[in-house]
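Taken verbatim from TrEMBL:
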type	residues	note
BINDING	Thr94, Asp131, Asp161, Ala162	S-adenosyl-L-methionine binding site
Amino acid sequence: MALRTVTRKLGSKLFPRFSPASLLHSHATSFGFKEVREEEKSQMVGNVFSNVASNYDTMNDLMSAGLHRLWKDRLVSKLNPFPGMNHLDVAGGTGDVAFRIFDSINSIKRRTLQNVLEDDLQEEAKVYVCDINPNMLNVGKKRALQRGLGEDKSLLWVEGDAEALSFGDNTMDGYTIAFGIRNVTHIEKALSEAYRVLKRGGRFLCLELSHVEVPVFKDFYDFYSFSIIPTLGELVAGDRESYQYLVESIRRFPSQETFASMIADAGFQKVEYENLVGGVVAIHSGLKI
């Protein structure tokens, strides 16, 4: 799990300045391997997630052999949540990442209460779960009820668009997005919005399926992706097409280096990324300074 830091220099050949007009525009109008009009993509992606919402977490377990749980744990450990923080989890409808952040904050509070007066910890953390798809949010709300968090005012569910967030400038201490940013129509707009809502010192973290670098493993991964995952989707969720889109969208997503450059172009500093499982997934991070 090598950690790689992106050092930006004007005119650098290693990390050239990202040009939205060159690479991003063609990606922004893709739906998997298909080219579609920009105004169509959000509706098509919405249909995919409406179809898979009820089986989303089950399919994540099957497709990753449960590893997605460890990847999300790693994401939250890099966030380093703290009591009193305002955090925004985007494209997090089922609550998987938000629950981890919430549990981490409460664990810290329990440990801290042993050493300080309870009055010193009166400021409550707020974890906002933002998702454009109401079906995904409904799954998360049901899970919150099962966890006894249905009435907890520290966990808030918001229907919203990653490209046009409803939150004010400089209001969040942290921003996470897991397996969601490749589905937006304009990645640069989502990154710009992430930068806008974060406070100075706030951290951006993105967990996303990425590009495998090891040649032999890449061949196996391609076979698994295109032959096994759509079949699993058909057998378990009764939906082959949605999972065909999933694997195609991963291949259309920018490489680790290119995405890191996009994050830096949005204004973030100290941009770095960590490959997990040979690049099957990567965690990108940046700071608003």
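Backbone N, Cα and C define each Cβ position, glycine as well.
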Counting across all protein chains shown, how many other Cβ atoms sit within 10 Å of the Cβ of Asp131 (S-adenosyl-L-methionine binding site)?
27
Fewest other CB within 10 angstroms, which one of the binding-site residues Asp161, Ala162?
Asp161
Mind computing the max CA-CA distance among Thr94, Asp131, Asp161, Ala162, which the record assigns to S-adenosyl-L-methionine binding, rounded to whole Å?
16
Neighbour tally for Thr94 (S-adenosyl-L-methionine binding site), based on other Cβ positions within 10 Å of its Cβ:
23
